[in-house]
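Chemist: As listed in TrEMBL for this protein:
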type	residues	note
ACT_SITE	22	active site, proton acceptor
ACT_SITE	93	active site, proton donor
BINDING	80, 94, 95, 104	substrate binding site
REGION	1-20	region 'Disordered'
SITE	17	site 'Transition state stabilizer'
């Protein structure tokens, strides 16, 4: 079963959008890092600006890596879907959201997450990718 890598709004533009905040690695490179970090597992990348599409993509999978973008602050439908997610999932942010504007300091998604990684740039995905399979396999 494929592990979804879910990327929300504006995440089609890392490497071009505010590189001082989000880094210089393009989304394709970030996805490639995640795939290489879990040999023997399938990672299926989904990027969509629509929260509903991310909810559908989460489905009933074997684990997930989620960079929700802005829906982290008010993504109630995404949170509801991930709360009932049957496997471990990791919330990832390219930037250190705690060091940014006050409105970014609280994530609606963090409480049900198995873990949260923020501020490591593209390397955060490489760190996050093996975590769900490792938790599933014990």
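Here the Cβ of each residue, glycine as well, is placed from N, Cα and C on the backbone.
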Chemist: So which residues does the region 'Disordered' (1-20) touch in its own chain, when a touch means Cβ under 8 Å and the partner is 6 or more beyond its ends?
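Modeler: Non-local partners: 26-27, 29-31, 34, 38, 41-49, 51, 54, 57-59, 61-72, 75, 94, 122, 125, 129, 132-133.
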Chemist: Spatially speaking, which of the recorded positions 17, 22, 93 is closest to residue 104 (substrate binding site)? Use C-alpha to C-alpha, please.
Modeler: 93
Chemist: Rounded to an integer, what is the Cα-Cα distance in Å between residue 95 (substrate binding site) and the residue listed as 'active site, proton acceptor'?
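Modeler: With distance taken Cα to Cα, the residue listed as 'active site, proton acceptor' is 6 Å from residue 95 (substrate binding site).
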Chemist: Counting by DSSP, what is the helix, strand and coil composition of the region 'Disordered' (1-20)?
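Modeler: With helix first, then strand, then coil, the region 'Disordered' (1-20) has 2 helix, 5 strand, 13 coil.
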Chemist: Quick one: pull the CA-CA distance for residue 93 (active site, proton donor) versus residue 22 (active site, proton acceptor), whole Å only.
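Modeler: Residue 22 (active site, proton acceptor) has its Cα 9 Å from the Cα of residue 93 (active site, proton donor).
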Chemist: Which state, by DSSP, holds residue 80 (substrate binding site): helix, strand or coil?
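Modeler: The residue in question, residue 80 (substrate binding site), is helix (DSSP, three-state).
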Chemist: Given residue 94 (substrate binding site) and the residue listed as 'active site, proton acceptor', what distance in Å do their CA atoms have, once rounded to a whole number?
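Modeler: Checking the Cα atoms of residue 94 (substrate binding site) and the residue listed as 'active site, proton acceptor' gives a distance of 6 Å.
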Chemist: Write down the Cα-Cα distance for residue 80 (substrate binding site) and residue 17 (site 'Transition state stabilizer'), rounded and given in Å.
Modeler: 29
Chemist: Sort out the sequence-distant neighbours of residue 22 (active site, proton acceptor) for me: same chain, 6+ apart, CB within less than 8 Å of its CB, listed by position.
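Modeler: Sequence-distant Cβ neighbours: 14, 15, 94, 95, 121.
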